[in-house]
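**Q** Below is a structure I'd like to ask you about.
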Amino acid sequence: MEVIHMIRYIGKRTILSLITLFIILFILFLMLNFMPGSPFNDTKMSHEQLKILYHEYGLDRPLAERFLIYVKQMLTGNLGVSYSLQTNATVTNMISHTLPISVQIGLQASVVGSLIGIVLGFVAALRKNSFFDSMATGISILGVSVPSFVLALCFSYIFSYKYNLFPLLYSSSEAFRSTILPTLSLCFFTLASIARYSRSEMIEVMEKDYIRLADAKGITRFQLVCRHIIRNAMIPIITVLAPLTVDLMAGSLVIEKAFSIPGMGSLYINAIQANDYNVVIGISFIYSLMFIGTMFFVDLLYGLIDPRIRIAKRGK
Amino acid sequence: MLIQNDSLLDNDFQLANKQRMELSSNNKHIPYIKRVWSGFISNKWAVASFVVILLIVLFALFAPIFSPYSSTGVRPDETNLSPRIPLLEKIGIFNGYSDAVSTRYHYFGTDNLGRDIWVRCATGTRLSLYIACLAMLIDLLIGVIYGMISGYYGGRVDLAMQRITEVLSIVPTIIVVTLLLVVLKPGLSSIIVAMILTGWINMSRIIRAQVLKIKEQEFVMAAYTIGESTVTIILKEILPNLIGPIITTFMFSIPSAIFLEAFLAFIGLGVPEPYASLGSMINDGFSSAMSYPFMIFFPIILLVLLMLSFNLFADGLRDAIDPEINEK
């Protein structure tokens, strides 16, 4: 029984992700089609010549057929070529050069942010209404309110410009040292949201009857916190991790611009400003893939860890 | 004694047992608004942030009126001037130290085109607030309608509507917004449209959850039993109970909308030139942040203050409206 429900749950999530993927592909396809201007805007070409060109590029076929061809191309990694940034360089190639550094900073920021955030939230919950608690609350409100580019500016002004501790802009000779400040400024939002969320989650769990029971059994406080409270409070925290990856993506655009990191975010911004449609669409597709993947993974993890999710779905 | 007219005075009656009455005054009914108000007033951070918001709004509205400069007035002879404020300049700060070629007072200095930053900050704040409020109001409208229909009707309607939002919410916000702005070209209306497209889902979810809770309660059942129409039940029974969550969601969405606008401006998709928003000013000042820090300092301070006070204000408001959450 249990296995069947698990399979159904996974199947449902997969279908949902696939539908979303198709919607995104459809939006991108529409953009490509309704973008102002066409590659054949040359007025010298005769009607017949245009017809031949359209036929050669398959533009005279029905929209649905073109969409299918397009989907096939996108899914096999053929994202087209760049028009203006690096003429005729394939978008796939450009992305594969810039993606690793973005992923590295993103992962660093999410690991640092969520670890510190969870610790901060848990300690604040355990010492509720203490000085530490109000400090943690202060940090989490500041972290949600101060945009990452402001932090980036402050950090680079203090640590790079005044005290010369870290490189002001990214340099490949000091690759890791240059990622420290970007990571710090990027992780702050994640840190703040997770601290806030884990604090309230923790306090909610601590008031549950089973915690009171465990306490009454006479186990040590350490055991109570580790075995019962943290384990139960961790489950819902996983769900906020997925939406936070979107904020990380958005943040990475800003941070990469602020520190001139040659990552995918910088490429995206440059492509937007240069109207390099294929690059914009290609990166949008990669971003969406990454996000859909994270959402799918987190949903799955959540279902695996917390059997109540599956049971609730069955009840409906 | 005969009652001569319908009006009875308070002292026509006497309490049989005065002591009991005094005891029960502890449990006196306090009107909703009064309860929310006293809860809000007791939160000093929320009150302080409300005052800050008020001051910033006043600044945004009136600073340009009382200033001799205009936000778009380019003056090639007064570029990159440092801040200079009367009185404060005597004690050595804000004295326009860098290149005091002008005898005029620019409180926040001027930018690289000689435009007064004090006035631009005010109009920028105005624009940022305008975009955020308008976008979020429309979001709210769509979200409330969608959420109420989905929550009230339930069943198949709900299922279908929830599947739609579920799929849409997986599409990353920044992708939708950037793609839309790349196609539409950045402008006031296209930024607002982009924000609306991405913001309503969250609103509708919160409203739906509330409607699901409320519609199970007795007074809705009672209204249904006495034959009220669906529209009346939704508008007269359910909607008034949604006011609290609607206000708090709205307040929480304002700072995120301000942030989204600033973010878009920072990646080059902000409002186009003669306009100034806080985000576009930060973007303009960013390249010269180390040499002319004042150009970026004031918009940043305004942006952070706005977001911070809106967040704190919304926090306080939520705690006052829904005290149960505070216990968490």
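Glycine too: its Cβ is placed from the backbone N, Cα and C atoms.
Just so you know, TrEMBL annotations never went through curation; they're auto-generated.
Sharing the features that TrEMBL gives for it:
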DOMAIN    B:125-314  domain 'ABC transmembrane type-1'
TRANSMEM  B:45-66  transmembrane segment
TRANSMEM  B:129-155  transmembrane segment
TRANSMEM  B:167-184  transmembrane segment
TRANSMEM  B:245-271  transmembrane segment
TRANSMEM  B:292-314  transmembrane segment
**Q** Which stretch, B:45-66, B:129-155, B:245-271, B:292-314, tops the Cβ pairs under 8 Å count with the transmembrane segment (B:167-184)?
**A** B:245-271
**Q** Considering only Cβ pairs under 8 Å, which range in B:45-66, B:245-271, B:292-314 makes the most contacts with the transmembrane segment (B:129-155)?
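**A** Of the candidates B:45-66, B:245-271, B:292-314, B:245-271 scores highest.
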**Q** At a C-beta cut-off of under 8 Å, are there same-chain residues at least 6 beyond the transmembrane segment (B:292-314) that contact it? List them, or none.
**A** 45-46, 48-50, 52-53, 56, 80, 82-83, 108-109, 111-112, 117-118, 121, 124-125, 128-129, 248, 251-252, 254-255, 258-259, 262, 278-279, 281-282, 284-286
**Q** Against which stretches of its own chain does the transmembrane segment (B:245-271) lie, if we need a Cβ under 8 Å and a gap of at least six residues from its ends?
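**A** Beyond its ends, the transmembrane segment (B:245-271) has Cβ neighbours at 127-129, 131-133, 135-137, 139-140, 143-144, 173, 177-178, 181-182, 186-188, 191, 194-195, 199, 202-203, 206-207, 210, 277-280, 282-283, 286, 303, 306-307, 310-311, 313-314, 317-318, 321-322.
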